[in-house]
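Enquirer: The structure is given below, and queries will be raised subsequently.
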Amino acid sequence: MKHITRLVDAVSSYMQLLSGVLIVSMMVTVLADVTTRALFRMTDGSLDMTFIGGIELVKFGLLFTVLFALPFCVDKSQVVVDLFTEKLSERKKAFLESVYFVGYAVLGTGMTIRFYHAVGNAVMSGETTQDLLIPMNYIYALTTFATAVLAIRSLLVAKQRLCTAMGFNA
């Protein structure tokens, strides 16, 4: 089980790295789009370096930035109100944490199932993006992968926290 946990942690770490690359590429895309449109306006259209699909690139970049960052960050960025948990023992806090990580796993599983079905629907309908004409089934498939990793990692973290709550080494 530790090998699976290490593998999922490594995959989520690489996804986090890719998320950072995507956010930088989004900034570059926005900068290039604004700059080329300004040049087009300043030259009254004689210098046309504008490109189609900048908004789509940013839109899907944002989607994948968030989805690729979630699996890595799921256990690192929880806000806990100490007022409600300050009198609880560490084991009870770990049990409570395992409950909401199971909730994340259920959420990730539901999203994975929904996007898995969307892949098939997009293949049958031939749905594409508006500007770049990228087949939506590729986007849905990548989204399915990201949400599946979120569900698996959340479940593994829930297991770890539950083992901690029960006094076992996870």
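One-based numbering along the chain as shown.
Glycine too: its Cβ is placed from the backbone N, Cα and C atoms.
Automated prediction, rather than curation, is the source of TrEMBL annotations.
What you are looking at is a predicted structure, and each value in this text was computed from that prediction instead of being measured.
Pasting the feature list from TrEMBL:
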type	residues	note
DOMAIN	26-162	domain 'Tripartite ATP-independent periplasmic transporters DctQ component'
TRANSMEM	12-31	transmembrane segment
TRANSMEM	51-74	transmembrane segment
TRANSMEM	95-117	transmembrane segment
TRANSMEM	137-156	transmembrane segment
Enquirer: Can you give me the average pLDDT across the domain 'Tripartite ATP-independent periplasmic transporters DctQ component' (26-162), rounded to a whole number?
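Expert: The answer is 92, the mean pLDDT of the model over that range.
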Enquirer: Helix, strand, coil: count each for the residues of the domain 'Tripartite ATP-independent periplasmic transporters DctQ component' (26-162), based on DSSP.
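Expert: Here the numbers are 104 helix, 2 strand, 31 coil.
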